[in-house]
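Quick look at what TrEMBL lists:
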type     : residues : note
ACT_SITE : His29    : active site
ACT_SITE : Glu83    : active site
ACT_SITE : His87    : active site
Amino acid sequence: MQWPGSYCDTRQSCCYPETGKPDEDFGIHGLWPNYNDGTYPSSCDRSNSFDESKISDLLSRLEKDWPTLACPSGDGIKFWGHEWSKHGTCSESLLDQYSYFQKALDLKAKANLLQALQTAGIRPADGKYHSLESIKEAIEQALGVTTIFIDCNVDTRGNHQIYQVYLCVDTSASNFIECPVLPHGRPCGNKIEFPSFSSDSNHDEL
């Protein structure tokens, strides 16, 4: 899951989706089948293309919880189609297209990272810095696991920002589990912020 304000502070900047500015909450980046050694398959079935009509009743949830922040502004279809083609097709023996997106949405709701942090007294987008350990402890305690990975972004002023939180789930994509191998990502400093959406000219506010 991804913190939107940090995505907007990366070099690629961001554009709000056509549906408007997303909530100040974690958004889904993807649900990716992995092997236990940390490698992963991709683009497993080019014949099983993304079909928006199969997930029509999930679109409002996808717009809210799995928004696209890529430029130019989009409706999310291209983003979700990419995730299905590259990653979802590698789980099609267990999850059809509808189940793949439904499971990802349900996992976000189950994790409820924003609530987990707030319960621990960590208020994202409050302009304050928080320690990496306090963030990890709050999430791990809420999820009942002790292996999560936090990826950070460094903004133009050198501030470390929480960027993505990697969580591992079982093969059925129903329950959080201990990660067999943690992914490689950008390290975090001791003081981390959760930036709000900034209002610079790189943002396409609708």
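From the backbone N, Cα and C atoms, a Cβ is placed for every residue, glycine too.
Between the active-site residues His29, His87, the minimum number of other C-beta atoms within 10 Å of a residue's C-beta occurs at His29. Glu83 (active site) and His29 (active site) are 9 Å apart (CA-CA, integer value).
Its own atom aside, the Cβ of Glu83 (active site) has 20 Cβ atoms within 10 angstroms in the protein chains shown.
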